[in-house]
């Protein structure tokens, strides 16, 4: 960072309150807002979340499988894959539209839009009369969770002070994996309603509407973010909101320091945009849309920016192609194929995945800012690769009869351990942190948005990951069986190699160091511009202070 930025950051650190959970509890206003936005995280999760776990349970429920209007989804592996992948296609659309909506409508009302669309999709799937309702509903749910997957962390990061930002993001990640856990156990419970009554699967799918409805209603209690207000020229309101969020008076030094930084960032973005796209500044909604497209184009204009973009997208790609979604989406089907016993046993075994997810995410949250990003990805990836090898070996040896219960339960254990290694490494805290750090300030917002869309692009049925996971995996499990795990093992090994030889360690690195890693100078040019802007703002502040003192003296 620039010299003046470093001075401001050091002074703010001196004035800051306690960090972590203790600091969040000390600020009940911020804690309340974090809990509200966490409802959005319960709805979404990119590759994880309530809807995904719930739908995997529904696919094996007797009341759904034996219903002639839905039997093709349950029994035709290709059609099942298309129904699963529709969510990813909608998520891709939602993630790409999010940047535009967050700027035009605000972060606050984008959360409301996402919640409403999620309710629409939930209503269509819960009240589905045939397969077409299910497809349409899953597309709208995907759209909603794709938008929320970017809007929730954006809102939280803009209302949180630096010392609490990581904690707020961690709460969000815990909410995502908690969504999986809840969905599995709700599915397990509703399975006992009836083997013929559709309420067993309708109640399970309706559960996603609960956090979405709560988010929609509570959005009206959320403030706008100070950064969005500054961008819209509403400076006094931004200062008032910032002071309210920090529970401090507007003239307190730490509030003024943070307000100065927000103003500088807004001016930096405005100057950069005006310099690079003079014909797209100050127009209407359509011009703003074209400007968003132009910003994305910047990520590919030089070889250095392309390398940063490739790192962000590949991090998300390997996270998704690890095979985790094949496990989460089809866990009940996989456990049932192991011959563990009754269908309720397979649902119970799938429910353990949710608990493992929650527990295993805690080490990643605790260690990401201690040992770095790359070690977590490498160690976690190696553990996942080993589990895939063991699962494939046991499946090849004992399928299809599975006449040895010990082998079946060993395979189930290795699946749980595979999920644990994923939760402690490639899951959200690491991969999402990486993509937020590799871009220079001038392209960070759009770089992160593109990385998020890459997550959903690899979810999208017509492009990469969910084309494989959603559409092909059911056929793979039916025809090449253990080869399915070897397929994902190949990508996991590629992900480990990527983490070792391609991915730079971003932990604790400044923009200058990141420039050296990518052989570019974008970050240094950005810092020079930011230094000039901060100096200008401080000079203006000093002149205003002198003017106020002069007026007071004249009055006396």
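Glycine too: its Cβ is placed from the backbone N, Cα and C atoms.
Automated prediction, rather than curation, is the source of TrEMBL annotations.
As recorded in TrEMBL, the features of this protein are as follows:
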TRANSMEM  30-50  transmembrane segment
DOMAIN    33-507  domain 'Major facilitator superfamily (MFS) profile'
TRANSMEM  82-102  transmembrane segment
TRANSMEM  109-129  transmembrane segment
TRANSMEM  135-155  transmembrane segment
TRANSMEM  167-188  transmembrane segment
TRANSMEM  200-224  transmembrane segment
TRANSMEM  310-332  transmembrane segment
TRANSMEM  344-364  transmembrane segment
TRANSMEM  376-395  transmembrane segment
TRANSMEM  415-435  transmembrane segment
TRANSMEM  485-504  transmembrane segment
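In terms of C-beta pairs under 8 Å, the stretch of 109-129, 200-224, 310-332, 344-364, 485-504 lying closest in packing to the transmembrane segment (376-395) is 485-504.
A contact between the transmembrane segment (310-332) and the transmembrane segment (200-224) is absent, since fewer than 3 of their C-beta pairs, 6 or more residues apart, lie under 8 Å. Within its own chain, the transmembrane segment (200-224) has Cβ neighbours under 8 Å at 33, 36-37, 39-40, 42-43, 50-51, 54-55, 57-58, 61-64, 106-109, 111-112, 114-116, 118-119, 122-123, 125-127, 141, 144, 155, 159, 179, 182-183, 186-187, 190-194, 237, 241, 244-245, counting only residues six or more beyond its boundaries.
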